[in-house]
Amino acid sequence: MAAPAKRARVSDASPLAAPCPVPRAAARVPLPLPAGPSGHEPESDAVAGFLRWCTRVGLELSPKVLVSRQGTVAGYGMVARESVQPGELLFAVPRSALLSPHTCSISDLLERERGALQSLSGWVPLLLALLHELQAPASPWSPYFALWPELGRLEHPMFWPEEERLRLLKGTGVPEAVEKDLVNIRSEYYSIVLPFMEAHSDLFSPTVRSLELYRQLVALVMAYSFQEPLEEEEDEKEPNSPLMVPAADILNHIANHNANLEYSAEYLRMVATQPILKGHEIFNTYGQMANWQLIHMYGFAEPYPNNTDDTADIQMVAVREAALQGTEDETERLLLCERWDFLCKQELVGEEGAFVIGREEVLTEEELATTLKVLCMPAEEFRDYKERAGWGEEETEDGSLAITNIPKLQESWKRLLRDSVLLTLQTYATDLKTEQDLLSNKEVYAKLSWREQQALQVRYGQKMILHRLLELTS
């Protein structure tokens, strides 16, 4: 289930604009308990029903764990009844209990129509399986659906009013990612999903033929589903399709997690990775996720400074703009554009790409180092470099773009990097001091809405990384 540690070098940051990324487990926010999209069920009844269902399907829960809303960071979670040691099994989910296109009641149909259901996201078969099972009164997964959050109250930014999304998340990269998601979801629904449901109207009631419900289920799959990793010898294959893993998606996330999902032929097992004290919550990981990714895909952010995987982006075009600002005449501008075009042809930069800066390192080190080098090198050196297309060129020394080594960079590199950071900071609606004032005043912070608090954590974490870069390049 772990996410890739680094983003693609040239990425549009949208999980639905390309083949399906690694989905993770669920983001948890305090929401009323539903029984799927059609009704409500008291919490104790829902948990009891789910536990009875676990027994029926052979999902084995350790007696040391408890499914509960009490003692969790948000919503449902899993808590240790007794102390747990590393390596202990927390629960085991038989593959027959997984909800996927291969296990649902219309699996044969989905397999026959597989060619017609292909999409950029790769999620359509699972989403159709969910749409069918949700409407079925006797669905084998009904007790599992009872633990889902209320679909109409998901907190992903795609459900925020556009004005609120822009106001709270401007500069973070989230509004742009959401807009791409919404365009792709709408296209996928009307071109593939709705025609399929209408062609099989006996299997899909009018109540589930809804773009809004489809959008909600996309958010659910984005947040709750898992994707089994390929074996090393299968690296050239297409990624595995996402699937729903009951019990595993109950666990909440923190960067310093204490459990991990393991895959085997018959079972998926959640195993403790570090000691868990009695009464403490059991946490899985969604991978190395920056706060902007967490809020985009799951609807929450980790409070500063807890997310050690947090990052800030410097748009590649911002570096180009900063370099252009340093030119003095048209000749210099044309020469700089020539260098940029060279970098584009080398696939090191792109119009929608970003340089990703972590707390301790530059995650896109090769791309940023080469870009700074090419844009700052003397004209004659660039001509030689271009003729060789970079072949045989000595690479930047290992670790030269570790955050602590940035002061050692050439002055021209530091100046360009600093100017790029300043341009990036201008894209936010507020400055760092405004965020610090909100965070330091507990009374004021407590009065903020959930969305305002989460967005503040995203903005603040990014700005702290960017301001540290300013200090190191001064």
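Along the chain as shown, residues are numbered 1 onward.
Every residue, even glycine, has its Cβ placed from backbone N, Cα and C.
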According to Swiss-Prot, A74, G75, Y76, Y224, N252, H253 bind S-adenosyl-L-methionine; so which of Y189, Y190, Y267, Y298 is the extra one listed there? Y298
Candidates W123, W141, W340, the one Swiss-Prot lists with S225, Q227 as binding substrate: W123
Could you check the binding-site residues S225, Q227, N252 and say which one's CB has the most other CB atoms within 10 Å? S225
Can you check how the pLDDT averages out over the domain 'SET' (63-287)? 95
Just give me the nearest neighbour of G75 (S-adenosyl-L-methionine binding site) among the recorded positions K64, W123, S225, Q227, K373, Cα to Cα. S225
With W123 (substrate binding site) as the reference Cα, tell me which of the binding-site residues A74, Y76, Y224, N252, Y298 is the closest one. Y224
The rounded CA-CA distance in Å from Y76 (S-adenosyl-L-methionine binding site) to K373 (N6-methylated lysine) is 50
Which of these modified residues is closest to Y224 (S-adenosyl-L-methionine binding site) if you go by CA atoms: K64, K180, K373? K180
